[in-house]
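Q: To start, I am sharing the structure in question, which I have written as structure tokens.
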């Protein structure tokens, strides 16, 4: 067993509170096929107190949490990666296999809760047969019973428990039904293990011992398991005659069809980003006015007797930077809510299926689309998700294209510049940036396949499509809070550190301003201004060879969350207070891009946004790439990103300036 205080490591970009084992707490693992309600059950049992980190001794990340049953010692609960079989195809499935099969595995659970989908019991029973064969103690949580009834399927839980020889508890986690009964069953099984002097295994069901001599052992054992599955189904399951297509089946005929699948996906994404920018704007205006007005005025008044450099650091630096962060909270909340609604309704799994068809035609691995979807939230956990791919060369390929996936931190920059320069069409501009992100992923993936990874062949995506359902407030709220909290924890630290560093560099006089005192230097004559001016000429062909833009891209290399704060800081201006009235910052941005582009501000702004999309996401992404891919491939990937970003930005401006 691992040390009871062993911490769970977390991704750098999405930190969570450290999870530690309660001394003496038993370890219970959730195991099951993908998309059978396992993670929903985990969130219901732990109250969404979810901690994602590496399993001890492994590089695979596992969700951990504390399950506080009604009585007794709290349980350390682990949501193991979903798998269809104990024959692993990837590192995450290998972890599940090792913990169940190897009695000496580090962190081996004391008990396993197997989640089984009542609507697809045959497939779930095969994995259960393998688990029973290991002799590990287990309890079956029967999920999707409401879906099974809608399909005319009835499962006799009592008969199933007799056939399996283990407790079977029907649960509906979304409504918290059956959770108390599951807790009692788990506690009873754990108590049995204690009374039997710590033996956590029960007599195994040895399918492999029934193999006739001379037959292939693995094939014969699999056939024996399938025969047992059919015997069990004949006893415990009945299906109403004449059960036709379900509502999910009929909807899928449209949303996953060859002709309507991709247009429906694009329409859904356009709706998300348009609604996000439209609904968030009034809330952003209110928060911005509050920070720029009462908060800033109060701080300035309170610091009236303080040195000028201290007022500048606290008011223009920290308050301005944190204020910029707060104005984007409504934006993030609305976007996370809309995406959670799509996910909880069952549509996002269809989106992965629809886009996978296109990905495989382009020669990319089918399972690669799953970490790519994660990348739209943050690139760092997306890179950690490469472990679902069994082939190292596939992991390298996908790891090199994930940085082109537009993360949520970039969204804050898109929204600011789109609102200032494009007004009522800002939502369409933001959607276009995400569409370009997908095209870059596909295009760069094709280029790498034809050059560095010519030996790779595409794989089919094995994906369980859950039934459509009405989203629940509890699940949507939990998902939104988890994502928002991760963003705020990361962004707050990054913005405070970056704003402070930028202010310090901008407070040091240089050249013509060398006679001024510390903190009283015009920013363009400071060390920070000099560094930004030195980098600016590189962007002249792209139409934004201005030191303000170069400064924003420089801090953006560290973290995209800091770009907007840096823009405001370099201008020492307030953000726009309304899309129709650009405000001081909007006016200054217009003047800058008008001047640097030679009278073509719109293509210059688009070129700036394209560069921001395509170049290195952040230092945390580079660090994770280094860990997952090695130093040589990380440096190559970073070089390609910078080159692609510069070439695309130049092309956008040079072509766009012919018309605008």
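Cβ coordinates are placed from backbone N, Cα and C, and glycine is handled just like the others.
In TrEMBL, annotation is done automatically, which means it is predicted and not curated.
The shown structure was predicted, so the numbers you read here are calculated from the model rather than taken from an experiment.
According to TrEMBL, the record shows the following:
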BINDING   32, 33, 34, 35, 36, 37, 38, 39, 79, 80, 81, 82  GTP binding site
BINDING   43, 44, 46, 47  Mg(2+) binding site
DOMAIN    25-192  domain 'FeoB-type G'
TRANSMEM  259-280  transmembrane segment
TRANSMEM  318-342  transmembrane segment
TRANSMEM  368-389  transmembrane segment
TRANSMEM  401-422  transmembrane segment
TRANSMEM  428-448  transmembrane segment
TRANSMEM  491-512  transmembrane segment
TRANSMEM  602-623  transmembrane segment
TRANSMEM  635-659  transmembrane segment
Q: Within a 10 Å radius of its Cβ, which of these binding-site residues (36, 44) has the fewest neighbouring Cβ atoms?
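A: Relative to the other binding-site residues in 36, 44, 44 has the fewest Cβ atoms within 10 Å.
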Q: Do at least three C-beta pairs under 8 angstroms join the transmembrane segment (368-389) to the transmembrane segment (259-280), pairs 6 or more apart in sequence?
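A: With fewer than 3 qualifying Cβ pairs, these stretches do not touch.
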Q: Check the transmembrane segment (259-280) against each of 318-342, 401-422, 602-623, 635-659 and return whichever range has the most CB pairs under 8 Å.
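A: Most contacts with the transmembrane segment (259-280): 318-342.
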Q: In the same chain, which residue numbers or ranges, 6 or more beyond the ends of the transmembrane segment (635-659), come under 8 angstroms Cβ to Cβ?
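A: Sequence-remote neighbours of the transmembrane segment (635-659) are 399-400, 403-404, 440, 444, 538-539, 541-544, 597-598, 600, 602-604, 606-608, 610-611, 613-616, 622, 625, 629.
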Q: Report, in whole Å, the straight Cα-to-Cα distance of residue 43 (Mg(2+) binding site) from residue 32 (GTP binding site).
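A: About 15 Å separates the two Cα atoms.
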Q: Max Cα distance spanning 32, 33, 34, 35, 36, 37, 38, 39, 79, 80, 81, 82 (GTP binders), Å?
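A: This binding site's residues have a maximal Cα-Cα distance of 13 Å.
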Q: Hey, what's the Cβ neighbour count for residue 46 (Mg(2+) binding site) at 10 Å?
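A: For residue 46 (Mg(2+) binding site), the count of other Cβ atoms within 10 Å is 19.
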Q: What is the separation, in Å, between the Cα atoms of residue 38 (GTP binding site) and residue 46 (Mg(2+) binding site)?
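A: Counting only the Cα atoms, the answer is 12 Å.
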Q: Excluding 32, 33, 34, 35, 36, 37, 38, 39, 79, 80, 81, 82 themselves, which residues in that chain have a Cβ inside 8 Å of the centre of the Cβ atoms defining the GTP site?
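A: Going along the sequence, the neighbours come out as 30, 31, 115.
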Q: Taking every protein chain in this structure into account, which of the binding-site residues 32, 38, 43, 47, 81 has the most other Cβ atoms within 10 Å of its Cβ?
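A: Answer by Cβ density within 10 Å: 32.
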Q: Whole-number Å distance between the CA of residue 46 (Mg(2+) binding site) and the CA of residue 36 (GTP binding site)?
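A: So the alpha carbons of residue 46 (Mg(2+) binding site) and residue 36 (GTP binding site) sit roughly 18 Å from each other.
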Q: Using the alpha carbons only, what distance in Å do you get between residue 44 (Mg(2+) binding site) and residue 81 (GTP binding site) once rounded?
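A: Residue 44 (Mg(2+) binding site) and residue 81 (GTP binding site) have their Cα atoms 17 Å apart.
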